[in-house]
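Heads up, the thing below is written out as structure tokens.
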């Protein structure tokens, strides 16, 4: 079971190419700071604007650099079932510990279509699958009943990344799927409540910028020390908010640039975060104690 603070990695660019050195260094820093796991090529990794070869390159660099020290859950989603299967096969051949599969975006399939999508991917996989429910990006929500059906019929499906922000979901999903279902939130701001509802961890954007604090927060939750977790949440909450003032990962990349970790380059149609919001991110990083 995946647990704790699992970083949804940004993809560093330099001159519109993958910055391999910056990606390697980011992975090393994440592991040194205590992150429990890594997710390359998800939403935060700008996967929609990566070519197939770039997608594979990012996954391979992350796995090679991590070298088994922490699990790597490779983003392998697509609105094309066939393409998602190809990404899954690449990830398992590259040595990924699991794959993250987003609900099909743009196509707007029915609940039956969602079920068949995951069933086909499951049949092609030999490693754990985490279902990624993010209706704000995909325009469809995976119903709890559909999720339970997928879990029951697809032996490689082990859990969910829930990015709905709805704190009813973890309890409903646990009741529908059972205690062995891996509950991961994708919303940093509500992670404390999610963990109190029985969650196991967070696939986190903020952990790109504050990996040690996010790891400590998750460890406190896993230990049942919610008083300590609340203190850390109060340090992190302004940063959770500020990083999403404009479309993710613009805020996270700006923050990493301010920390000297990489360039802040984004790929169109995403653009650099507005100057007024940059100031808010700076203030939030100072509040968290990660920027002087």
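Each residue, glycine too, has its Cβ placed from N, Cα and C.
The following features are taken from Swiss-Prot:
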ACT_SITE  132  active site, proton donor/acceptor
ACT_SITE  161  active site, schiff-base intermediate with substrate
BINDING   44, 203  pyruvate binding site
SITE      43  site 'Part of a proton relay during catalysis'
SITE      106  site 'Part of a proton relay during catalysis'
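Positions of the features from Swiss-Prot, shown on the structure.
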{"residue": "43", "record": "site 'Part of a proton relay during catalysis'", "Cβ within 10 Å": "26"}
{"residue": "44", "record": "pyruvate binding site", "Cβ within 10 Å": "25"}
{"residue": "106", "record": "site 'Part of a proton relay during catalysis'", "Cβ within 10 Å": "9"}
{"residue": "132", "record": "active site, proton donor/acceptor", "Cβ within 10 Å": "26"}
{"residue": "161", "record": "active site, schiff-base intermediate with substrate", "Cβ within 10 Å": "28"}
{"residue": "203", "record": "pyruvate binding site", "Cβ within 10 Å": "30"}
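Cα of residue 203 (pyruvate binding site) to Cα of residue 161 (active site, schiff-base intermediate with substrate): a span of 7 Å.
Rounded to a whole number, the distance between the Cα atoms of the residue listed as 'active site, proton donor/acceptor' and residue 43 (site 'Part of a proton relay during catalysis') is 10 Å. Comparing C-alpha positions, residue 132 (active site, proton donor/acceptor) sits nearest to 161 among the recorded positions 44, 106, 161.
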